[in-house]
Structures are given as structure tokens and as C-alpha cells.
Amino acid sequence: MSKRLLILEDGTIFEGESLGANLDVTGELVFNTGMTGYQESITDQSYNGQILTFTYPIVGNYGVNRDDYESIHPTCKAVVVHEAACRPSNWRMQMSFDEFLKAKNIPGITGVDTRAITKIVREHGTMKASLVQARDEVEHQMSQLQATVLPTNQVETSSTTTAYPSPNTGRKVVVVDFGLKHSILRELSKRECNLTVVPYNTSAQEILEMEPDGVMLTNGPGDPTDVPEAIEMIKEIQGKIPIFGICLGHQLFSLANGAKTYKMKFGHRGFNHAVREIATGRIDFTSQNHGYAVSSENLPEDLMITHVEINDDSVEGVRHKHFPAFSVQFHPDAAPGPHDASYLFDDFMDLMDNFKK
């Protein structure tokens, strides 16, 4: 293996072995605390443009299979691992972790201290980083990193460009794709929903003309304020159709109702985040992947907070007081992670049924 460098914006440099595609890339450095589920995480479009560090000490031990993709074309910039398994084994495995990264043109680095990287990000917040081949021109690479401006509106490159159906016999649901995970479609299909997936910039009029029973606002990457057209669409359809928002969809729904969002210091990325439902006191362990959150300060009168994160008390769910609409910051579809909150899809079914009465 050739040597590769991970250069952080604060000047810290980590040297390790090359993994995956032979590319030099720059992105936002984040970390994920999950112990498994690396395939689902890498193929989650919410990691668009990010260099994903796995805190678990060994990654790739069960290879990659055809069933656990959350999107076919992953858009994360690179992966960072302490150790990439050299002898993976699983009955579903189709290729190794390294083969998968090469097939998807994703570079990586192995043999670095991921605990130290995570500590830096926790203390100083998410930052830019570059993954490059080890050369003698480190100062030049550092100056290039400092000068790089990361792209905005990553939803545009994560969303479908054309509408497509996923037919079934039940409730008609329009799924607005901001970078959706396939597991959301699976959960809705399990409930026999007749789905139409549409691009992120689909207008309210186009959605209303489809006469759906409900609208799903999916997860996706980046800053929700970069998608003003979606915020306007939500303003126009709420009250007319039941709405369920997840992750970025939750943030967009909140913005459409006058709430504010903010960039978190290092975000929530993992599968063990405890969330409390305020009405019942119920605790769910949830899968999360977000760097922005809805502010609890000066929350609009029309919204009520339904869920909070146990560790930092951040907003994890809201419900509209007058319209049939609610949203959560976490992923009730899991994939990977616990299925504690999958009942929320059933709540969405009930919301649609009651609205028709």
C-alpha cells in the first residue's frame, strides 16, 4: 500500500495507508460512532461532500453485500478508519470493503488514530480536511486546503432529477427526495403505500395535482437554508395534505413554520442516540446523521416540541398544533441502527387516514 495523508484545517496531519480509490479530495471532516452499518452509512446521501471517520476500531469485517445499500451512487468524499479488515467473512458478502470503495471511486485511509481525530473534531468542531497521497509538498497542500470553499446546496446533487413510481395498492404518498435513504421507501412499502418519488425542487402545485394522501419529506445533506424552494413548497401544502418529515425534512418543515436552525459543533452521527418523547417520557435509541438542528429558542406558536435528545437537550421532533404534520430529526427507518421509533411510520398512516375522514 502507498502512504496517504489526512490533513486537517487546524494543521494536524495524520499519515496512514492508502485505501480505496486513488484520488485526492477535500471535504468536511465528521465522525460516526456506530459499531456496524458502515455500508449503509457510506451510501447515505446525508454524507454528501463529507470525509467520514469511523470511530469503531475495525471496519469492513463482514464485507459489502447487495442488500444494504441506502443509495446506489454514494456521494461521501472519503472514509477514514483505524483498521480495514483484510479477511472479511459473511455469507451475504459480495466484495471486500476496499473493493467496494474502489468500485464507487471513494478514497480512504487506514492505520490512523481515529480516536485522536474524533477528539479534535469534538473539541474544535467539524472542519475542512484533505485526503492526499503522501508527497513532499505538504505546505502547498495545506494552503490549497485553506483556500478551498466547500460547495453549498448538496441536495441538488443528492436528489433524483426525475420523478419515479414505486407502486403498491395502499395510501398514495409523494416522497420528496432531498437525498433519501432506500430504507424510508422500504418502511412505506411495507405499509403498502403507493409511492411517487419526486425531485427536491418539485412545486407545491405539482404535488397537489397528484392528489396524494400524504407527503414524506426525506433526509438529505447540508444546510436546510440552502433549499429555499422546498421551504416555500412546504408552506403551500401544509394544512392541505398530511406531512411527515425526517432529518433534513424535519429542519425544512420547521423553517417553513418560522423556526430557526443552527450548525452544531460536531453534529449527531451514530446509532445509539437516546431520545425522549415529551408526552409519554418514552426513551428510544435512535439512528442519527445531521450537522444542523432546529433551535428551541423562540419556537413559533404553531409548533410544539415532541422529542428531545437526552445528552444535549436538542430538538429531535416537532408537531404542528393545527395542521396534520409532524417531523423528527432522527431516522425511524434506522438502517443501520435500532428500530425503536419505527412506530412513527404507523403514526403517519393514522394521520393520513384520519385526515380523510
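Heads up, the Cβ atoms here are built off N, Cα and C, so glycines get one too.
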Practice problem: From Ser46, Ser71, Ser89, grab the residue that Swiss-Prot records in the same L-glutamine site as Gly220, Gly222, Leu248, Gln251, Asn289, Gly291, Tyr292. | Solution: Ser46
Practice problem: With an 8 Å cut-off on Cβ-Cβ distance and a minimum sequence separation of at least 6, pull the same-chain contacts of Gly291 (L-glutamine binding site), or say none. | Solution: Glu28, Val30, Thr126, Lys263, Met264, Phe266, Gly267
Quiz item: Using C-alpha atoms, which one of the active-site residues Cys247, His331, Asp333 comes nearest to Ser46 (L-glutamine binding site)?
Solution: Cys247
Self-check item: Pairwise Cα distance maximum in Å, L-glutamine-binding residues per record: Ser46, Gly220, Gly222, Leu248, Gln251, Asn289, Gly291, Tyr292
Solution: 13
Exercise. For the binding-site residues Gly220, Gly222, work out the Cβ neighbour count at 10 Å and name the residue with the minimum.
Key: Gly222
Self-check item: Chain-internal residues near Gln251 (L-glutamine binding site), provided their CB is under 8 angstroms and they sit 6+ positions away
Solution: Pro224, Gly245, Thr261, His290, Tyr292, Ala293, Val294, Gln329
Self-check item: Tyr292 (L-glutamine binding site), number of other Cβ atoms within 10 Å
Solution: 18
Quiz item: Around Cys247 (active site, nucleophile), which residues of its chain at least 6 apart sit with Cβ under 8 Å of its Cβ?
Solution: Ser46, Thr218, Asn219, Gly220, Gln288, Asn289, His290, Val328, Gln329, Phe330, His331
